[in-house]
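According to TrEMBL, the protein has these features:
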{"type": "BINDING", "residues": "His27, His72, Asp160, His164", "note": "Mn(2+) binding site"}
{"type": "DOMAIN", "residues": "4-80", "note": "domain 'Manganese/iron superoxide dismutase N-terminal'"}
{"type": "DOMAIN", "residues": "94-193", "note": "domain 'Manganese/iron superoxide dismutase C-terminal'"}
Amino acid sequence: MANTLPPLPYPYNALEPYISEEIMTLHHTKHHQTYVNALNAAEAAYAKASTPKERIALQAALKFNGGGHINHSLFWTNLAPAKEKGGNGGVLPPGPLKDAIDRDFGGLENLKKEFNAATLGIQGSGWGWLGLNPKTKGLEIATTANQDPLLALVPLIGVDIWEHAFYLQYKNVKPDYLAAIWHVINFEEAQKRFVEGAGGSKL
């Protein structure tokens, strides 16, 4: 079955002023759609490939475009309109995720500082992640290059640090983008992933 572009769970302008309507529209309808189209093409070619060499030659396209589809599908749902817009973006509710953040980072502000520092350290394009270690049940910050998905940890929050995610609004000032995006992080969605991941569910 062909992969499809998932609809956004909110309007394109819902994350303003932190992420502009123009960025969200281009990011979703152009960039993510391109990953979906290329992934479908690579999967179709793989199904027709008759030799190991042909299948190996398609691995890079499958990884890049498959990762782009996986990462962006998660990204849209881990964002939400900000509190001042009537949404739950940026609000960390009491519960197991907050308890884990307090335990592992000493509070949300410390998590933000460590997350942003690690994500700013990415050379070129990539993603910053808050993940759950399925073995230790602890929270960890990680980064992945390009469109590589997070495999070693259960992804709870992912932040796209590709230029297409912020450049039209924040130019080359990545710290401003990373400071702003916390206003629209959907912690309720992250908590749901945390509870499922802690219970052993695959995400």
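Just so you know, glycine gets a Cβ as well, placed from its N, Cα and C.
Because TrEMBL annotations are produced automatically, they should be read as predictions rather than curated entries.
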Within the domain 'Manganese/iron superoxide dismutase N-terminal' (4-80), count helix residues (DSSP H, G, I), strand residues (E, B) and coil residues, in that order.
53 helix, 1 strand, 23 coil
Fewest other Cβ within 10 angstroms of its own Cβ, chosen from the binding-site residues His27, His72, His164:
His164
Over the span of the domain 'Manganese/iron superoxide dismutase N-terminal' (4-80), how high is the average pLDDT in this prediction?
97
Taking the Cβ of Asp160 (Mn(2+) binding site) as the reference point, list residues of the same chain whose Cβ is under 8 angstroms away and which are at least six residues distant in sequence.
His27, Asn71, His72, Phe75, Trp127
Treating G and I as helix alongside H, and B as strand alongside E, what does DSSP give for the domain 'Manganese/iron superoxide dismutase C-terminal' (94-193) in helix, strand and coil?
48 helix, 22 strand, 30 coil
Other residues, Cβ within 8 Å of His27, His72, Asp160, His164 Cβ centroid (Mn(2+) site):
His28, His31, His32, Phe75, Trp162, Ala165
